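Input: one structure, supplied below.
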C-alpha cells in the first residue's frame, strides 16, 4: 500500500567490521542514519566494555567545551553557527583535539584566576580610597567642639575631672550597606554604648570579584577607648564580614597614602583592561569554532558508544554488530560500509549479512515535514505494530476536519490560517534561529496541522454560515415574508402586536428552496435558531461518527489480509461490520430517509427517529402516536436486530472453537512417536544460520495459530475473545454517543462567540456619538484580545483534545493495536541540529 500507509519492511542484519575500519564504517552509518544497533553485550557492565576509555576521553573533552561555552555566554559573545557539518575526526586526531581543548581551558582558567586576583586587589584599593576620603571628612567633623558632648560618654567622669588627655583608638572599614542597621545595634549592645560609629555611603556600587555582581557598600569608622573594646569591635566586624583597612592618624599621612592608592588604581586598571582584552580575544576565537568542536566530539562519543554495543571475535581483528535496517535502504548501507572501509585504508571489506529471526522488528514510518506532525499524533497513542496499517495518512484529513466541525467559524478559521501560513513561510528563518522556547517549538512543529485546521474551519464556518457569530448574506435569503401578508392577511398592526411571528414554509413563496451553500443567513435572527441548528448538528455528528468508525473497521480488513489471518476476517471483521451496519448504519439511512421523505407540508406528521430507534431494540411497535416511516419497517427492523444479535455468538464462540480444532488436529498429525523418539520435519540447525538473501518473515508477532510446541489454553482464548466481543459491542454504542461531542463543542463555540460579540463589541456599536467611535477603539482591542485568548487558544485547544480522543479511541481501536516499538536509528542528525543532549 505504499510507504505512507504501512511501516517500512525491516530486516535484521549482521555486520562484520574489521577493527581498523570499524570506526569509519560506524561514522558513515551515523551520517546515513538508517540502522539501529542492538546491544550484543547486555550483561557486560558499561565500565568494562572495550572502548570505555575513549568514551571517557570524549566526555572529558565535552566537559571542557561546556566550560568554554559557559564562559562565552557569560561574556555575551555570540556563538557562530554557519550550519557546517564537519566530518568525524579520525581516532588519531583525538590527541590534537584534547591538547587544543586543554590549552584553551588552562588559558581561560589562568586568565580567570589572574583576573579575579586583580579585581580583588582593585576592590581593596578602591575601598581604601573611599575610606581615606571619608575618614578625612570624619576627622574634620571631629574637630568641631560641638561633637565633644556626643563623645563624652567615652570618658570616665573621674578622668574628665583630672583633665587626662583624650587617647581614642579607631578602626575603619567597608561593609555591605544592608548590614549597617544590624551592625550598629550589635556594636551598641556589645560595647554598651562606649563606641562612636560614623558611616557614609559609597555612591557607586562595587563589583564583587568572585560573583561579578555589583554590591552597594558603606564606609565606617569606629572610635573606642582601650584594648578590650578594640578586640570586641574587631570580632564584630569579622562576624559581619566587614573589610578593615589601616588608616593613618595624621592628615599628611592620609594624603600621601591616598596619592599612592590612586596611582596603584590607575596602574591596576590598565592591567585589568589588558587582561579583559586578552580574555575577549580568546573567547571570540573559541566562539567561532565551538559549535564545530561540539559536533566533532559528540560524533566521536556516539561512535565509540555504538562500538561498545558490538561483539569482538576471538581473534580481536573483527567486530560483529547486529542492526535493524529498512530493506529498501540495504544498498545505501552497503555503499556506506564500502566508503568507510576506503576511508580507513583497510584492504578487507566489511560484510553485511541478512539474518532470519522471529523477533518483532521496530516500526519505521518515513515522514516529511508535512506528515511529521500527524505521525506524532498517532505515535503519541502508541507506536504501531510492525507492518500494520498506519492511521497517519487518513488522520491528515480526518483530524483537522473533525476539529473544524467543533471549531467551525469563518473568522476564527481565517485568523488561525494566517498564523499557520506565517509559520510556514518563515519556517527556514525560524529553524535557523533554534528557538529554545518549548511552547513555541511545540506549536511550530505542528504548523501544518494548524494550517489544515484553519482551512477546514473556514470550510465548516461557511457551511454553518458563522463568522464571529454573525451570518454572511452572500446569495440572499431564500425565505420571504411577503406571502404571509397575502395568505394570512398580516398587516402593520400584526407586526407591532406580536413580538414573535412564525413563517410557514408550506405557504407558496415563503421558502424558495435550499440556500446555495451552507445555512441560510435568516436563521441567525430566528428565535428558534438553536432548535434548528441543534437538530442539524446532532444528526451530522452521528452520521460523521458512524462513517468514521465504519472506515476504521474496514481498515482492519487490510491488516487481516496482509498478516494472513483468515480467522480474523471470517469471525472478526465480517460480524463486526454486519453488527455495526445493521444497527447504526441503519440509523444513518433513517436520518437521510427522513430528510428526503418529508417536506414542509408533511413535516408535522414526521415521526421521531429517537423513539423509533429505541422501539427497534424493544420490539415495541404499538405506539400509535409515532407512525411508521415506511411500509415493512417492522419486519426489516426485527430482521436487523436479530442479525445483530446473531453476530455476538459469531464473534464470541466460533474463533476459539476453530482454533481448538486446528490445535488438536495439528497435535494429532504434526508428529509421530516411534519408540519415544520424536520425528518431524521442523527446521534444522543449519537453516537458522546467517544467510545472505533470505526474506524476513512478513509478520513476526506472536502468531494467532499456536505452533505444535505451544500449549493451547482454550479457557484463556475464550476469555480473551469474550473481552473483545463485549468491548466491541458496548463500544459501538458508547463510541457513537461519544461523537456527539462534535455537536456539543460546536454549540459551545458558537454560543461563546455570540456572547463575546453581544457583551463586548456590541456595546461600542450602540453608541452613536463621537465618543462611541473613540470607545470602540478600546472596546475592539478588548474584543480582539478575548477572541484570541478564549476562542482561538482555549477553545482551539479544547477542540484539539476532543479530536485527539475521537481518533485515539473511537477510530484507531477498530484496527490499530499500537503495541510496537519505534525504530531509533543511529544518526548524527540531532548533533548536526545543535541538540547536544544525549
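Just so it is clear, glycine is given a Cβ too, placed from its N, Cα and C backbone atoms.
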In terms of membrane topology from Swiss-Prot, residue 46 and residue 601: same side, yes or no?
no
Out of 389-407, 442-471, 574-594, 772-810, what stretch is closest in contact terms to the transmembrane segment (726-750), meaning most Cβ pairs under 8 angstroms?
772-810
Would the transmembrane segment (574-594) count as touching the transmembrane segment (389-407), i.e. at least 3 C-beta pairs under 8 angstroms with sequence separation of 6+?
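With fewer than 3 qualifying Cβ pairs, these stretches do not touch.
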Count, for each of 442-471, 536-555, 574-594, 772-810, the Cβ pairs lying under 8 Å from the transmembrane segment (410-426), and report the range with the highest count.
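Most contacts with the transmembrane segment (410-426): 442-471.
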Please work out the number of neighbouring Cβ atoms within 10 Å of the Cβ of residue 360 (phosphothreonine), leaving out its own Cβ.
18
If one measures from the C-alpha of residue 360 (phosphothreonine) to the C-alpha of residue 250 (phosphothreonine), what distance in angstrom results, rounded to a whole number?
92
How about long-range neighbours of the topological domain 'Vacuolar' (751-771): same chain, 6 or more residues beyond its ends, C-beta under 8 Å?
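Residues 409, 412, 466, 468-470, 779-780, 782-783, 786-787, 790-791, 795 contact the topological domain 'Vacuolar' (751-771) from elsewhere in the chain.
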